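Just below is one structure, and these are the notes that go with it.
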Amino acid sequence: MSDASSQPASLPDNDLARMAALVEELNRHIYNYHVLDAPTIPDAEYDRMFRELQELESMHPTRVSPDTPTSRVGAAPIPEFKQVTHAVPMLSLNNGFQIEDVDNFDRRVREGLDLHQNAREVAYAAELKFDGLAMSLRYENGVFVQAATRGDGYTGEDVTANIRTVRVIPLRLHGPDIPDVLEVRGEVLMFKDDFAKLNARQREAGQKEFANPRNAAAGSLRQLDARITAQRKLRFFAYGIGLLEGAEMPESHSGVLDWFDRLGLPVSKERAVVTGRDGLLGYYKDIGARRDSLPYEIDGVVYKVDRLADQRQLGFVSRAPRFALAHKFPAEEALTVVQAIDVQVGRTGAITPVARLVPVSVGGVTVTNATLHNEDEVRRKDVRVGDTVIVRRAGDVIPEVMAVVLERRPVPQPPVYELPKTCPVCGSHVVREEGEAIARCSGGLSCAAQRKEAIRHFAGRRMMDIEGLGDRYIDSLVECNLIHGVADLYKLTQADLLDMKRLADEREGVTPETVRQGKVPTKWADNLLGAIAASKQPPLERLLFALGIRHVGESTAKTLADWLGSLALVRRAPAALLRVLPDIGGTVAESIAEFFAEEKNQRAIDALLATGVAPRGEHVPKAQLREKLDEVALLAALDIPKLTEPRARQLLAGRTLDDLAHLRVFSVFGLPDTIVGALEGWMAQPGNRDILANLSALRRELLEALPEEAAAPEGGLAGKTFVLTGTLPTMSRDAAGALIEAAGGKVSGSVSKKTSYVVAGAEAGSKLEKAGALGVTVLDETGLLALLAELNEKQE
DNA sequence: TATCCTCGAGTTCA
DNA sequence: CTCGAGGATA
C-alpha cells in the first residue's frame, strides 16, 4: 500500500506518486548531507522540494508516509514521556581502567573459548565508547517506529518524536534485505562544535548554558516539545542489535556494523578488528592519542569478541556480558565539592578567587585547586562554598570549574560568594576600577604578597634568571626581613641564606639529609650566591622586564631597549616620547612614565645599580628614532584634550615646541574656540609648560646624539612573523625563537592571517589547527632550519 | 568607531 | 592556554 506509484493514474494518485518520490529523494539527500557529509543538491533546491511535499501532505493527510522527512521538524509538545519495556534488556558492560584489566579480560575470553593452551589469538571488534546517551531504535519492515532511552536497562522512556528529528537517523532502512523487526542499539550524542554553537546561542538568549556535550544531548532529548529538539544538532552512532526477526544474523560483530552501514544506519569509521591483547592495547593507545582531535567526546573504547557464536558461548556473568569490556580513559571531568574559596594576590595586586576542592582525579591527575578568575566569573557560575561542581581538564592542562550541580547544593543554601573588601595579606583596600574585571589590592609594594611576587618575577627565567631562587626561599627571605627590595638580593651573605634555609625547613617541618648528618649546606648557599652574582649583567630588555612595570612585558621591554638604548634614557623619558614608539599607546606610556616618576622606584633602581647590577648591550638610541621625533607627533602624543594630529600640525606651522611653551595667547591661529579653550586650560595647569619645554629640550638633545644614518635593517626574515608551538625535537622554543630573531624575523604568540609561518613540534595544539584553518604554512624544526640555512646561502 | 591582532597577566601539576 | 584589554588599522 505504500507503493503509491503502481496505482492507476488519476489526479490524487499523481499526487501520491509525487509524494512517494519526494519522500524517497529527500531522505536520500538527508543521508548524503548528514551521514556522508557530501551534499549533492543546493540547500535551496532541497527547501523547495521539502515545501512541495509539505503542501501535498496537507492535501492528503491520510496518505502521509511513515518515513516522511516532514515529521523531522518536531511534533507538538506532549505532557509526559511514555514508559517502554525493552524486549531485550539494555545491559551495561564491565569497565576496565588498567592494562591488567585488559589482560584479565583477554585471558578469561581465551579460557571461556578453550583456547588457553592454544597459540591462536582471539579476534576482537574494537570501537569507541561514546560519551552520550544509550538508545534503542525499533524498525518494523524497515520503517522507524519507536525510540527508547536506556532507563534502568529494562524500562526506558519513549522519545520517538524527539529521535525523529535527528537527521542522521534514517526513517526507512536502505537496501533490499530488510528484516521484519530490528532493534538497533546505539548512542545519541552531540558533536563538540555543535555543542559550542548551542552554548553560544544559549548565552546570547540569556539561557542557561550546558556543562558538556553529554548534558546538552540529554537536555535536548528530554524536551517534551520535539520542535526544540529539532533545533539541536544531535547525532547517532549504531553499535549493536537488540532484537532481530525475519533476517539472517551476520556471523560477526564487525559484520553487524558493516550491515548497519549498508542499511543506512550511521556507524563510526573508527571501528576496527584487532587480534589479541596487544591488538586491543594498540587500538586503545591509538584512539587515546587522537582523542582530543575527534569531533565528539568519548570516555573510552569498547572491545567485543568478534564472532557472535563465540559471544554466545561466553555468555553473561550476573548482568554483564563476558565477551565485552569497556576500557575507559581516565575521566576528563569529575564531580567534587568546593571546600573553600580563597583569594590569591598577584604581582600587580590582582585579587584572584581560587576554589579549594576535595581532591579528585581528572584526566589522570589529582586536582585540588581551580581558579575562578575573577568576581564576575564566580557570580556568573554562582559557585558557593559547599557546592558540588563539575571540574574539567580538557584539551589544555589547567583545571576549570565548569558548572555547579544545583541539585546538590547544601540546605540551607550557603551565601553568595563575596570577594573580600580588604587584602587578606596586608589589609589594604581592595579596589576595582570602573570597567575592569579584576579587583586589586591597593597596598602596592607595602603588601607582602605583592613584594614576594615582585621578587619572584624579578628572579624569573625570562627576566634576571636567578637559578635556584624558588618560591619557597623567596617567601622565607621576605618573611625573615632579609629582603625588602630586589636590590637586597645582591647584598645577601652566606650566613643570611643559611639562616633563611633553616627557618624554611623548620616551618615546613622537613629535615634535609645534609642537616641530619650534622652538616651545614654551605655548598647550596654558595651555589645560590653564585647564581645571584651571575645575573648581574642582564641584557637591558630583561632588566626592564624584571622591574615589573605595569603593562611592560617581554615585548614592550624589548621595544624600549631597542629604541631608547639605555636605562638612563628610559628612566627619564616623558610619556609623550614613549608614546611615539611602536606598539606603545597612551595607557602603556603613562604607566611607564608613572613608574619612573615614583621616587621610591628611582631609589630602588639606584640601589640596584649600586650593588653592581649593570645592563649589558646599552647603546645610543636607534637611528630611526629621528623620524619619530617629529614635533607634530610629539605634540599630539601629549594627550592635550581635543588636540588631534591635524590640529597639532596647524598649531606648529612656523613655530617650534619651544615657542609654544612660552606662548601666552592661543586664539590667534584660527583654531576653533573649543580647542583654544582646551589648550589654554592645559597650559594653565601647573607643570605642563615645563613638560612641554623639557620635551623639546630632550628632543634636541636626542637629535644631536643620534647617529645620522641607520644601517639597512634588511635581515633575511625581515617582515616575517613566526609562531612556535609544541615541543621541537632538538631545541627549545626559546632557542628557535632566538634563531628567528637573529635572522630578522619576529616571534609572536598567536596565529592570525598575518602569521607567515607556524613552526610546530610534537603535541602541538590549537595553534596548529588554527594554522590549518587560515592556510598558514606550517614548518617542522627541519623545515625551519632549512629556511634559515637557505637564507644564509643567499647572503653569502 | 568597530574590528582585528597582539601583548600582558594569571594559572595547575608532576 | 585563555582571557582581557591596549594598540593599530580600515
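Positions of Cβ are set from backbone N, Cα and C atoms, glycine also.
What TrEMBL says about this protein:
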type     : residues                                                                                                        : note
BINDING  : A:Asp43, A:Ala44, A:Glu45, A:Tyr46, A:Asp47, A:Ser92, A:Leu93, A:Glu127, A:Arg150, A:Glu187, A:Lys304, A:Lys328 : NAD(+) binding site
ACT_SITE : A:Lys129                                                                                                        : active site, N6-AMP-lysine intermediate
BINDING  : A:Cys423, A:Cys426, A:Cys447                                                                                    : Zn(2+) binding site
DOMAIN   : A:712-788                                                                                                       : domain 'BRCT'
Around the Zn(2+) site formed by A:Cys423, A:Cys426, A:Cys447, list the extra residues of the same chain whose Cβ is within 8 Å of the site's Cβ centroid.
A:Val345, A:Gly349, A:Pro424, A:Val425, A:Gly427, A:Ser428, A:Cys441, A:Gly443, A:Ser446, A:Ala448, A:Ala449, A:Gln450
Over all pairs within A:Asp43, A:Ala44, A:Glu45, A:Tyr46, A:Asp47, A:Ser92, A:Leu93, A:Glu127, A:Arg150, A:Glu187, A:Lys304, A:Lys328, the annotated NAD(+) binders, what is the largest Cα to Cα distance, rounded to whole Å?
45
Let me know the DSSP-derived helix, strand or coil state of A:Arg150 (NAD(+) binding site), please.
coil
Length of the line joining the Cα atoms of A:Cys426 (Zn(2+) binding site) and A:Lys129 (active site, N6-AMP-lysine intermediate), in Å:
52
Among the recorded positions listed here (A:Asp43, A:Glu45, A:Asp47, A:Lys129, A:Lys304), which has the Cα closest to the Cα of A:Cys423 (Zn(2+) binding site)?
A:Lys129
Three states by DSSP: which one describes A:Asp47 (NAD(+) binding site)?
helix
Nonlocal residues around A:Leu93 (NAD(+) binding site), in sequence order (Cβ under 8 Å, 6 or more apart):
A:Val302, A:Ala320, A:Pro321, A:Ala324, A:Leu325, A:Ala326
Intrachain C-beta neighbours of A:Asp43 (NAD(+) binding site), sequence separation six or more, cut-off 8 angstroms:
none
Rounded inter-Cα distance in Å - A:Lys129 (active site, N6-AMP-lysine intermediate), A:Lys304 (NAD(+) binding site):
12
Mind checking how the domain 'BRCT' (A:712-788) divides into helix, strand and coil residues in DSSP?
27 helix, 17 strand, 33 coil
Show which residues of the chain containing A:Lys304 (NAD(+) binding site), separated from it by at least 6 in sequence, have their CB under 8 Å from its CB.
A:Tyr124, A:Ala125, A:Ala126, A:Glu127, A:His253, A:Gln311, A:Phe323, A:Ala324
Under DSSP, is A:Cys426 (Zn(2+) binding site) part of a helix or a strand, or is it coil?
coil
Let's check the environment of the residue listed as 'active site, N6-AMP-lysine intermediate': how many other CB atoms sit within 10 Å of its CB?
20
Non-local Cβ contacts of A:Arg150 (NAD(+) binding site) (under 8 Å, 6 or more apart, same chain)?
A:Met90, A:Leu133, A:Ala134, A:Met135, A:Ser136, A:Gly156
Tell me, how many other CB atoms lie within 10 A of the CB of A:Glu45 (NAD(+) binding site), whichever protein chain they belong to?
11
